[in-house]
Amino acid sequence: MIQAYAAHEPGGELKPFEYDPGVLGEQEVEINVEYCGICHSDLSMLDNEWGLTQYPFIPGHEVVGTVAALGEKVTTLQVGQRVGLGWFSKSCMTCECCI
């Protein structure tokens, strides 16, 4: 189970929230988040300014933590390794420019 903080309505207070992310995909990484940045786009999503937000909404897409689990095709990381994750858009995750 993943423990997070979520808003349940536009502009709502962030409250403890738990969910099951399902089976880890073969190219996915589970991170135990230790630090999380909240940027202006998170605030826009929290308030549903763009009409895209689905609730409950968990803000924060810039994190630092340690690798908790690896999908079977992930070869460049190790469980327990400290990692940072920023936001990526339209990334193939394989070519030199995207890695």
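Think of each number as a place in line: the chain as shown, counted from 1.
Every residue gets a Cβ built from N, Cα and C, even glycine.
Looking at the domain 'Alcohol dehydrogenase-like N-terminal' (25-98) alone, the prediction's average pLDDT is 91. Residues or ranges marked as domain 'Alcohol dehydrogenase-like N-terminal' by TrEMBL: 25-98.
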Report task. Determine how many residues of the domain 'Alcohol dehydrogenase-like N-terminal' (25-98) DSSP places in helix, in strand and in coil. Result -> 7 helix, 23 strand, 44 coil
